[in-house]
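Engineer: Per TrEMBL, the features are:
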DOMAIN    49-295  domain 'G-protein coupled receptors family 1 profile'
TRANSMEM  33-55  transmembrane segment
TRANSMEM  67-90  transmembrane segment
TRANSMEM  110-127  transmembrane segment
TRANSMEM  147-170  transmembrane segment
TRANSMEM  190-215  transmembrane segment
TRANSMEM  236-259  transmembrane segment
TRANSMEM  279-297  transmembrane segment
Amino acid sequence: MVTMGQCYYNETIGFFYNNSGKELSSHWRPKDVVVVALGLTVSVLVLLTNLLVIAAIASNRRFHQPIYYLLGNLAAADLFAGVAYLFLMFHTGPRTARLSLEGWFVRQGLLDTSLTASVATLLAIAVERHRSVMAVQLHSRLPRGRVVMLIVGVWVAALGLGLLPAHSWHCLCALDRCSRMAPLLSRSYLAVWALSSLLVFLLMVAVYTRIFFYVRRRVQRMAEHVSCHPRYRETTLSLVKTVVIILGAFVVCWTPGQVVLLLDGLGCKSCNVLAVEKYFLLLAEANSLVNAVVYSCRDAEMRRTFRRLLCCLCLRRSTHESARYATSTRTGASTRIMLPENGHPLMDSTL
């Protein structure tokens, strides 16, 4: 019998799963095998791609600029997310029942911290891109101290949200508040997490919308004073494409998971959130792979660095590849506008 106000620190994982109505299987079911197989694949890809981004930033002196520090921090957060999800894959299914309460909170805390750091860094990148564009500055003119403070703030917020459930924001002493998706966490925690991600998305929409309209007005004014060049139209279209990709990727990867988190956090009894939770979490984790593509691979110099690093793994081709990239002057869709009054690039593909 459950007593109100009583704490259950000595109970098993199965006790809390039974309380929330979440099935805890004792054997590997087909859907468990599918989720783990997909999860391991995504985790390995996340680890490899983000390691490549970090290696590229570290090896290329052109990337030793504050905005690339934020991209490096995004890659580090996504790398952490890959490790956290990999840990989850090795401690899920029938293995969940063998976890201690502390082990379960470690598993959940790693995920919450890494995903929060990734989402918060996306917002930090948007804020710094906005500042750079509005001030018409080069990457190198961004204050290093400001970027360091942003990175520190990101990890303080991420660690705060990741550690709070284990220390206070749980339901071990209030079983009626336990969520269904995470049976040891309070429903209010899930609701706050979902609403925080929604707020981040709305802020990103506002920031990138302001950037887009600013650049469009700038291009139009330039076209009035100089001969109209197709490059101006290309720049606007490329900017639209970049913004749509950034926001679209965030919506596709995060919205399903945030919706079920919010429904569970609000205590929706008729919502079958348990049927889709694992797949939506996998989709959110896939965003750590998408980030590497959207924020790094669209940069021409970054792509050249990737190819150089990959070619170094193949010694027989290294000499040929180095010669080819040394003579390369332009690659892909890096978008720059040179402002007549000061010559500074207004936008580039690291937006």
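Easy rule for this one: first residue shown is 1, then count along the chain.
Placed from the backbone N, Cα and C atoms, the Cβ positions cover glycine too.
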Engineer: Of the listed stretches (33-55, 110-127, 190-215), which one yields the highest count of Cβ-Cβ distances below 8 Å with the transmembrane segment (236-259)?
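Structural biologist: The listed stretch sharing the most Cβ pairs with the transmembrane segment (236-259) is 190-215.
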Engineer: Give residue numbers and ranges for long-range contacts of the transmembrane segment (147-170): same chain, 6 or more residues beyond its ends, CB-CB under 8 A.
Structural biologist: 66-67, 69-70, 73, 77, 102, 105-106, 108-110, 112-114, 116-117, 120-121, 124, 127-128, 184-186, 188-189, 193, 196
Engineer: Checking distant contacts: for the transmembrane segment (110-127), what same-chain residues at least six beyond its ends satisfy Cβ-Cβ under 8 A?
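Structural biologist: For the transmembrane segment (110-127), the list is 67, 70-71, 73-74, 77-78, 80-81, 83-85, 87-88, 150-151, 153-155, 157-159, 161-163, 165, 193, 196-197, 200, 203-204, 207-208, 250, 254, 281, 284-285, 287-288, 291, 295.
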Engineer: Express the predicted model's confidence over the domain 'G-protein coupled receptors family 1 profile' (49-295) as a mean pLDDT, rounded to an integer.
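Structural biologist: Its mean pLDDT is 87.
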